[in-house]
Amino acid sequence: MGTTTILSDLGTEIVIPICAVIGILFSLFQWYLVSQVKLSPEKPAADGKNGFTEALIEEEEGVNDHTVVHRCAEIQNAISEGATSFLFTEYQYVGVFMAIFAILIFVFLGSVEGFSTSSKVCTYDTTKMCKPALMTAVFSTVSFLLGAITSVVSGFLGMKIATYANARTTLEARKGVSKAFIVAFRSGAVMGFLLAANGLLVLYITINLFKIYYGDDWEGLFESITGYGLGGSSMALFGRVGGGIYTKAADVGADLVGKVERNIPEDDPRNPAVIADNVGDNVGDIAGMGSDLFGSYAESSCAALVVASISSFGNTHDFTSMMYPLTVSSVGILVCLITTLFATDFFEVKNVKQIEPSLKNQLIISTVLMTIGIAIVSWIALPSSFTIFNFGAQKVVKNWQLFLCVGVGLWAGLIIGFVTEYYTSNAYSPVQDVADSCRTGAATNVIFGLALGYKSVIIPIFAIAISIFVSFSFAAMYGVAVAALGMLSTIATGLAIDAYGPISDNAGGIAEMAGMSHRIRERTDALDAAGNTTAAIGKGFAIGSAALVSLALFGAFVSRAEITTVDVLTPKVFIGLIVGAMLPYWFSAMTMKSVGKAALKMVEEVRRQFNTIPGLMEGTAKPDYATCVKISTDASIKEMIPPGALVMLTPLIVGIFFGVETLSGVLAGSLVSGVQIAISASNTGGAWDNAKKYIEAGVSEHAKSLGPKGSDPHKAAVIGDTVGDPLKDTSGPSLNILIKLMAVESLVFAPFFATHGGLLFKFF
């Protein structure tokens with residue numbers, strides 16, 4: 001087969017960790033730049049330029065600078081404490097689950113060969129001996145714990161950075177939109193680069209450490225690495241569901257009582273749920289999203305490695321080609337680094353109108369540069385032709401075909417991003433139509449919003465379908481796995497744009513609570529509206545990549561469970577298919593109802609405070625923020641367990657009792673229905689939210705005719721937004737974890753299910 005690679009093994013061993021370290025250093029540098037915005041009031045110097053501008057700002061805003069800075073710092077501390085205490089509580093519960101699941105992995109995988117410590121004959125080369133199944137069990141458990149810990153750390157660091165940056169963004173907004181945008185974006189970049197680089201570095205180090213033991217047994221080595229993806233995703237599930245329930249309970253409670261009943265502005269300090277709402281943005285959209293994308297990234301890498309380990313790369317022990325997925329991700333970090341400089345250093349955002357284009361350009365620039373990056377990597381890190389394992393046969397693939405597989409995933413991601421933006425941004429007609437439907441009340445608003453969500457599924461599904469067809473035609477399941485990696489190769493930029501949204505949202509809340517002028521609030525609102533759209537784009541990416549990742553994992557599962565064909569016409573598979581398609585609905589029902597129950601408690605508490613605390617409405621008394629934070633925390637911790645258990649237990653129950661054929665049906669069914677519901681739920685919610693913002697901002701004549709705040713159309717829009725909140729921030733984003741997690745879990749347990757599964761069918 002083909003020639004050897006241009007890049008030597010030593011070159012690969014240097015390139016991957018160096019790119020990861022560059023990513024980490026870059027994120028620390030961005031964090032240093034953000035930290036230069038001081039949160040303690042400093043006396044303006046009498047002379048020099050700086051003192052002069054500070055004094056000007058004080059006169060301009062007509063408030064004493066020191067009290068404003070002091071209040072911003074206070075509010076930021078309250079948000080940070082709330083978020084930290086929630087995550088600690090959540091991680092305690094999740095820690096117990098992690099321990100139990102780690103034991104399960106060890107017991108199930110160890111029992112495949114009856115806990116034997118003797119070597120076994122390799123599956124793909126019967127002349128060689130491979131390491132015992134017991135060691136696969138040990139190493140899978142270790143990599144599961146590593147993935148889980150990396151995921152938790154990613155989410156936690158992201159949350160810390162976001163709460164560190166929100167008040168700083170507010171303070172910079174006094175100097176103009178440009179300064180505030182740069183602080184918010186840089187803080188997002190800190191999270192994006194830390195997460196991408198950490199995930200890559202830990203995975204790379206794990207592979208190299210495991211290699212010391214496994215030596216020539218690459219099949220066993222990469223089998224045990226799959227635990228890393230499972231660990232990352234199982235933590236993400238609880239982070240996403242718990243954080244989503246938390247943020248929406250607070251948001252819905254604050255909106256229904258504050259805006260609709262009491263007619264006070266959003267983020268008004270008199271509203272008791274306002275701190276809980278701001279905390280929720282960080283634990284749901286930042287910590288949850290971070291863990292989620294880390295999970296996708298870990299799983300797509302693991303899926304690609306498992307499929308490759310049983311092909312010619314694994315058989316000939318070609319290290320550079322084997323590490324191709326990680327090399328693509330390494331180049332992605334460098335590409336995103338250059339792209340970030342376009343937003344912060346090369347081009348300055350001078351006014352409100354430039355915010356959204358600047359964020360969109362990030363996606364375009366990173367995709368174009370990454371295409372060149374992939375071409376170079378495919379040329380130097382792959383032999384000119386090689387074979388890939390394809391359901392029992394070996395398929396010959398050329399290196400340019402693999403470049404096309406990664407490229408098609410990358411560009412499909414961009415298309416999904418832009419379609420999502422078209423359907424959720426209030427700059428385009430779909431959202432403006434939804435806003436217009438508010439004239440006749442909340443009912444028509446809900447009908448229009450649902451229709452928009454269903455319609456927005458069409459193009460993303462075609463984009464995913466085409467990328468699956470192209471990548472599978474060229475390189476079988478390996479092609480699909482690297483297409484998913486292609487979509488995630490610009491993860492650092494995607495996450496930076498995504499984290500920017502909640503940071504701007506918090507900045508606006510802090511400006512309102514600190515009593516800053518209307519002008520500053522307008523600036524933060526403009527940042528936030530752009531952030532809302534980019535958050536929807538981030539969710540689109542997450543869902544699209546989840547579909548490809550899930551399919552790649554499905555392929556790896558089928559080859560590991562040694563199933564040659566999945567025949568839909570056999571009853572075993574068909575019952576799995578129909579049950580699998582039902583699971584996303586069951587899961588969504590649980591998460592939606594959880595938000596409803598938690599929001600109910602929150603509404604009652606907020607009403608109670610308004611009714612019983614004298615002087616609260618007049619602003620002379622302070623509300624009890626802590627009780628609302630506690631209600632959100634308790635409700636989300638309690639309510640995240642049943643949906644989490646549903647997802648984690650389904651593959652185990654189906655695999656043990658019904659066997660691998662039925663399980664393959666369940667995975668296919670949940671993938672097909674989960675993707676559709678996830679896209680429509682998050683886009684519907686995003687459209688309702690931006691329709692409300694469109695009416696509130698009142699920029700165009702059309703928007704002015706629907707407003708102002710407090711008008712009937714505005715109230716109808718608030719109700720639509722409240723219905724959409726749990727759709728876009730709880731059910732929708734959690735569904736992509738459901739489809740990935742079930743697939744990766746099935747892959748990890750595949751040897752056990754293949755050996756001992758299908759108990760029921762053994763009796764009948």
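Note that Cβ sites are derived from N, Cα and C of the backbone, with glycine treated the same way.
Listed features, source TrEMBL:
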type     : residues : note
TRANSMEM : 14-34    : transmembrane segment
TRANSMEM : 93-112   : transmembrane segment
TRANSMEM : 132-159  : transmembrane segment
TRANSMEM : 180-207  : transmembrane segment
TRANSMEM : 322-343  : transmembrane segment
TRANSMEM : 363-381  : transmembrane segment
TRANSMEM : 401-424  : transmembrane segment
TRANSMEM : 445-470  : transmembrane segment
TRANSMEM : 476-497  : transmembrane segment
TRANSMEM : 541-561  : transmembrane segment
TRANSMEM : 573-592  : transmembrane segment
TRANSMEM : 737-761  : transmembrane segment
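By the Cβ criterion (under 8 Å, sequence separation of 6 or more), the transmembrane segment (445-470) is in contact with the transmembrane segment (541-561), since 3+ such pairs are found. As a quick check, the transmembrane segment (363-381) and the transmembrane segment (737-761) miss the bar of 3 or more Cβ pairs under 8 A, pairs 6 or more apart, so the two do not touch. Residues 105, 108-109, 111-112, 133, 136, 140, 144, 223, 226-227, 229-230, 233-234, 236-237, 240, 292, 295-296, 299, 302-303, 306, 546-547, 549-550, 553-554, 556-557, 560-562, 572, 583-584, 587, 647-648, 650-652, 655-663, 666-667, 670-671, 674-675, 678 of the same chain lie 6 or more positions beyond the ends of the transmembrane segment (737-761) yet place their CB under 8 Å from a CB of it. Outside the transmembrane segment (14-34), and at least 6 residues removed from its termini, the chain residues within Cβ reach (under 8 Å) are 7, 161, 164-165, 168, 183, 186-187, 189-194, 196-198, 200-201, 204-205, 323, 326-327, 330-331, 333-334, 337, 340, 492. In this chain, the transmembrane segment (132-159) lies out of contact with the transmembrane segment (541-561); the count of Cβ pairs under 8 Å, excluding pairs fewer than 6 apart in sequence, is fewer than 3. Here the transmembrane segment (476-497) does not lie next to the transmembrane segment (132-159) in space: the count of CB pairs under 8 Å, restricted to residues six or more apart, is fewer than 3.
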